[in-house]
Amino acid sequence: MNVEVDLTARESTPRWLAYGAPVFTVLAALAVSALVLLVVDVSPVDAYSMMFYQTITTQIGAAQTLITTVPLVLAGLAVYLPLKAGLFNIGAEGQLVIGALAGTWVGLNVSLPGYALVPLMFVVAGLAGGFLAAIPAWLRARYDVNEIITSLLLSFVALEILSYVVRGPMRGSSGNFPQTAQLPAAARIPELFMRVHVGLFVALLVVAAVSLLMRRSRLGFEITFMGSNDAAAVQAGMSRIKVYLLVFVLGGAFAGMGGISEIAGVQGRLRAGFEPGYGFTAIPIALLGRNSAVQVLLASLFFALLFTGGTNMEIFLGIPAALVEVIQALIILFLITGEFFKRYRIDVSVERGSVTPDTAGGDA
Amino acid sequence: MAEPVFLEMAGIRKEFPGVVANDRVDLRVERGEIHGLLGENGAGKSTLMKILYGLYTPDEGEIYLDGDRLDLDSPQDAIDAGIGMVHQHFQLIPRLTVAENVVLGEREPATPFRPDAESPIPEAVRSNRVVQSVAERFSLGLDAPTRRIQRLADRYGFDLDAGAKISELDVGQRQRVEILKALYRDVDLLILDEPTAVLTPTEAERLFDSLDRLTDEGLSIIFITHKLDEVESIVDRVTILREGKNAGTAVVSEVTQADLAEMMVGREVLFQIEKEGVDLGEPVLQLQNVHADDDRGIEALSGVDLTVRAGEVVGIAGVSGNGQNELAEVAAGIRQPTTGSVRVDGTDLTGAAPRQFVDSGVSFVPEDRLEYGCAADLSVMHNATLKEFRDQRFDGPLGLDYDELEAYAETLVEEFDVRGVEDVTETKAGDLSGGNLQKLILARELDRNPALLVANQPTRGVDVGAIEFIREALLDQRMNGTGIVLFSEDLDEITDLSDRILVIYEGEFVYETTPEEADRDRIGLEMTGGGRAGGDQRPSDRHADVTAAASEGER
C-alpha cells in the first residue's frame, strides 16, 4: 500500500471554508480534548456545557468574560497593528505590564479628582507602553534588527522591572506581599454593572478608532502597503521609520492601557504576576483576527470565554488547572492549524497493490 | 504515419481554476530541429512545457516520444525519458564548481568504487550491490564526471572549465552550464525557456552557435520565446499559441515576422513607431559626478554625469549588472549617491527622501515589477493609487475617500487597457499577467504627468501587444514634456525610442550616440567594454553635457 500526500497552495479560499474553518477546527479540538477529559473521568458533555453554555448564560460568567476581554482586545490590537505593517510585536506582554506599572504609580502618587486622575493614568500607561514598543520599531527601521527578538526580550525586562518594583520601591506598607498599596478610590475605574468597568468602553472606542484608521485614512493606506511590500512602499515615498514607529507606538500604547485597565478596573493593586499572560495570548488573537479590528474583538471575546470557562471548569468540576490549560492550548493550536488549511489543499491518495517492492532488492 | 515525428504532444488540455491554460494543444517536433514555441505571456507556453517536463499533469491528451507513450509524473521521469529543461532563472549554486553543479543530485561514487576504474578494491567486492549502494550514498568522486563534463563542453564548443566556480562565470557561461546539466543526463530533447532574456546580443549569437552544434548531433530543441527576430534567426519551425490554443505551426523560412506577430496577437501589429520631433525644454534631471554603491556596498556607479531635458528620451544601453539599476534608483531617489549631486526640475534633491522625489514629479518604473513595482497581495486599486493617494482630490471625511480611489483606479484600468481586472478592489495585482501588471504600473506613473520618468526595462518579459502599447505610451508622454530615462537591454527599443543613446559599462558611460548614427556593432562592443582598449573617440569630445569619465577608468 502506498499513501501519497500532496500539498498544494490554494489559489483562492472558497467562501464556505473561510467561514467554516474556525468552526470545524474548534469542534475538532474539542473532540480531541474530550479524550483528555475522559481520562480524568469527567463527562465531556458536562465540561463543555460548563465551559461554554453556562459561562455565557449566567450573569457572572458573561460579566467575567467581558472583563477579561478588555485587556485581551487592547493587547490584541497591539499585535494586530504592527502585523498589518508586516511586523511582529511579540512584546505586548511587556508593554501591558509597563503600562500597568506607570499607571499605578500615577494613581498612587498623584492626587486629583477621579475624572481627571483616571484619564491621566490611561495617558501615562499609554505613553509607557508606547515608549517600550518604540525601541524595537526604531531598531528595526533604522538598523534592521529583528523586531521579534527585541520586542520579546524587552517583555522580560518589563516583567523583571515589575517584579523588582513591587518588592522594592513601590511595595505597599501593609504586610510583606510583593504588591503595591491599594489604589485610592479616585484612581479606580468606575464600574458599569457586575464589576464590568468603563474600560470596556475604552476598548470598544479603540477598536473603532483602529478600524477607521485602517479603512478610512491615508495612514492606514500606508500601513497596508508597507505591510504588503515595503520596498514598493518606500519607492512610492513612504517612510519606513514613520510607519514602523507609528504602528508599534500606537500598539504599545493600547497594550499599556490594557494593563492599567486591568489594575484600576479589576484588581485594585499591582502585584507581581498580576495577569495570566494576556500579552502573549494577544499573539494568536491577532493572528486569528488579522483581517480587521472587529475580528480582533471577536477573537478576544472567544479567548476571554476560554479563560473564564476554563476557570469555571476548574472550580465547579474539579478539573485540574493544568488540564484546562491543555484544552485551551489545543483549541488555539487547532485554530491556527485551520488557517493553514485555508491556504493549502491536501490531497491524500492511497494506492493498493499496484506498487511492487523494489525489484532489484528481491534477487541475488 | 508517413513522417517520423520525434515528439508528439496530442490534444493536451490543462485547466486551472478559472482558466483553461491549454485547450487541446498539439505540438510535433522532429528529430534534430529547433522548434520555436511562440506566444504572448499567458498564451500557455510555460504550462505546455511544464507538462512536458513532468511538473504538471495534463487533464487530457497524450505525449509520445519516439513512438513511446510517456506518462510523466515528475521532472525525474522526464529526464529519464530524455527530456531536459533549462529554466529562465538559473538553478546553480554559485559557490560550487561547474562539475559539482552538473552532477548535483546524481550519485557518483568515488573512483576506487567505480566499476570501470583502476582500483585496489577487488572486482568482486566492487561489483557487490550493497557495496555499490553504500559507496554511491556515502562517497563522492568527481574525477570521472569532471572529465566527462569537460569532454562534453569541448565537444560542443562551450568554452567552459569544469573546475571553475559558478560565481566566476558570466551569465552566458552559466547558461551553458545549465545546458550541460541536461546534456550530462543524456537528454535527446532540450527545452529552453526564453534563453536569451538574460543575454547580450553577442552572447545570444554564441548561444545560437552552440544550439546549431547540438542539433547537428541529433538533439532536438524546443525554444520558447516571444521575440520574433530570434525565431527568424535560429528556429526551423515554429508553433504559435494564442490564448491556450494552437494558432498554427509554420516553417519559419516561409513566413514573415509580421505574419508571425499577427498569428500570435490575433491582429496586425505595428513595428514601426512614428516618432515626432519635439522641442527640448529645461533640464528635468541633472546628475553630476554621481558615485553610488550597490546593496553589497561595492561601488556600482563611478562618476556619472547625466542631463535629461523635458521632452527628451535618453536611452541607456548596457549589459545587466553594469550599474543600470543603481543609476535608475539614484535618479528615482531610492538610492543615495555616495558623492555627487542630483537635481530634479531645477531643485537640488541630493540626499532627499524618496517622498520629495515623488512630490517633485519623478515617476519610476522599476525593473522588478513584483519586488518594487507593486504589492502583489493588494488589490489593483491599492496599486493603481500608490503614488496619488495623497492628492487632495481623494480627501474624505476621515482622511481618505476610498470610493474616489476606486473610481480613479477604474479609469486607469480603462484608459491603459489593463486586462484581467474583474473588480479593482477584489482583483489582486499579483493575479495580473506580466504585461497587464506593467500597464497598470505605467498607468500609475504616467497619469501624474511627471516631470521625469525613470523607466527601467519597461518591456522586459512583456508580450508583443503590450510592448507596442507601452512604447507608444512612453512616446506620448514625451510629447507632454516629460523627460524620460529609458534603461533597456533591447537595442531595438533603445534606438526606436531614444533621442540620445548612452552606453553604460562598469558604472560609467563609455559611449554616446544618436539613433540616426547608431551602429549596432559598435554599441554591442562598447556594452561589453570592448571599445575601451582602442577607444578612439571619447563621448566628452562630442557632447558637453555628458562626460563619461572614461579616462579615469582606463585600465
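Even glycines carry a Cβ here, placed using N, Cα and C.
Note: TrEMBL annotation is automatic and uncurated.
For A:16-40 (among others), the entry in TrEMBL reads transmembrane segment.
Residues 54, 88-90, 92-93, 95-96, 129, 133, 193-197, 199-200, 202-203, 206-207, 210, 223, 247-248, 250-252, 254-255, 257-259, 261-262, 265-266, 275, 278-279, 281-283, 285-286, 289-290, 293, 296-297, 299-301, 303-305, 307-309, 311-312 of the same chain, all 6+ positions outside the transmembrane segment (A:60-81), place their C-beta atoms under 8 angstroms from a C-beta of that stretch. Feature annotation from TrEMBL assigns transmembrane segment to A:60-81 (among others).
Using a Cβ-Cβ cut-off under 8 Å and counting only residues 6 or more beyond its ends in the same chain, the transmembrane segment (A:87-108) has close neighbours at 71, 74-76, 78-79, 81, 117, 120-122, 124-133, 136-137, 140, 147-148, 150-152, 154-159, 161-162, 165, 170, 180-181, 183-184, 187, 227, 244, 247-248, 251-253, 255-260, 262-264, 269-270, 274-275, 277-280, 282-283. Positions annotated as transmembrane segment by TrEMBL: A:87-108 (among others).
Sequence-distant contacts of the transmembrane segment (A:115-139), counting only residues of its own chain at least 6 positions beyond either end whose CB sits under 8 Å from a CB of the stretch, comprise 78, 82, 87, 89, 91, 94-96, 98-107, 145, 147, 150-151, 154, 158, 186-190, 202, 241, 244-245, 247-257, 259-261, 264. The transmembrane segment annotation in TrEMBL covers A:115-139 (among others).
TrEMBL lists A:145-166 (among others) with the feature transmembrane segment. Here the transmembrane segment (A:145-166) has long-range neighbours at 82, 87-95, 97-98, 100-101, 132-133, 135-137, 139, 178-180, 248, 270-272, 279, meaning same-chain residues at least 6 beyond its ends whose C-beta is under 8 angstroms from one of its own.
Here TrEMBL flags A:192-214 (among others) as transmembrane segment.
Look at TrEMBL and you will find A:243-266 (among others) tagged as transmembrane segment.
Counting only same-chain residues 6+ beyond the ends of the transmembrane segment (A:287-309), those with a CB under 8 A from a CB of the stretch are 22, 50-52, 55-56, 61, 64-69, 72-73, 76-77, 80, 83-84, 204, 207-208, 210-211, 214-215, 276, 281, 328, 331, 335-336, 339. Per TrEMBL, transmembrane segment is recorded for A:287-309 (among others).
Remote same-chain partners of the transmembrane segment (A:315-336), defined as residues 6 or more beyond its termini with a Cβ less than 8 Å from a stretch Cβ, comprise 22, 25-26, 28-30, 32-33, 36-37, 40, 42, 46-47, 50-51, 284, 287-288, 306-307. Taken from TrEMBL, the feature transmembrane segment applies to A:315-336 (among others).
Same-chain residues lying 6 or more positions outside the transmembrane segment (A:16-40) and placing a CB less than 8 Å from one of its CB atoms are 47-48, 288, 319-320, 323, 326-327, 330-331, 333-335, 337-339, 341-342.
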